[in-house]
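K.L.:
What follows is a single structure, and I will ask about it in a moment.
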């Protein structure tokens, strides 16, 4: 586990974005952990997120020409990632995002920021069903831009109704690689290193039941 991944977990726990206990998910499953990126709402959090997303993207090796953030949670992530790439990686890339409702005045339309062109990295917090990402892929196709990678905060590595996770299904159906800052393996490694064997074992049992790998 890289230092930025451990720091991401530490920040998420300190901000209560990552919690351990018993949480009933929308699926009805009772999970031993819960991740809510909406809790990362401080200026220091968004700066940290930008650095982590930028590092994950750079480490992935996928060449990109611009950053795109799907409305709404992806909007600050796109800006923060673009800032971190410029400040820490000497890569000054344009960014854009979409609105959920089109404007009929001012600049109009659903797209804001730089024109969609070249190889585009899409940044979002998590992928649940993949619906929002598919909408973005359609926008890129219309603009004749190429999706280079999708970067998310956490990959739960959890299957849906079938044997695949939403991320696996998305990668298989679109061919677009998904990069995550952390996944379930990193959380378990962090807990074991911290000496919290009990929580790590609960997550391992949950993964045995619902894991996608």
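Glycine is treated like the rest: Cβ placed from N, Cα and C.
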K.L.:
Please state which member of 117, 128, 131 Swiss-Prot lists alongside 34, 35, 156 for binding orotate.
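P.N.:
Among 117, 128, 131, only 128 appears alongside 34, 35, 156 as orotate-binding in Swiss-Prot.
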K.L.:
Based on Cα coordinates, which of the following binding-site residues are within 10 Å of residue 156 (orotate binding site): 26, 127, 129?
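P.N.:
The binding-site residues close to residue 156 (orotate binding site) (Cα within 10 Å), listed in sequence order, are 127.
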K.L.:
Can you tell which of the binding-site residues (34, 35) has the fewest other C-beta atoms within 10 angstroms of its C-beta?
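P.N.:
With the binding-site residues 34, 35, fewest surrounding Cβ atoms within 10 Å: 34.
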K.L.:
Near the orotate site, what residues other than 34, 35, 128, 156 in the same chain have a C-beta no further than 8 Å from the centroid of the listed C-beta atoms?
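P.N.:
Nearby residues not in the site list: 25, 31, 33, 36, 126, 154.
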K.L.:
Applying a 10 Å Cβ distance cut-off over all chains shown, what neighbour count does residue 127 (5-phospho-alpha-D-ribose 1-diphosphate binding site) have?
P.N.:
22
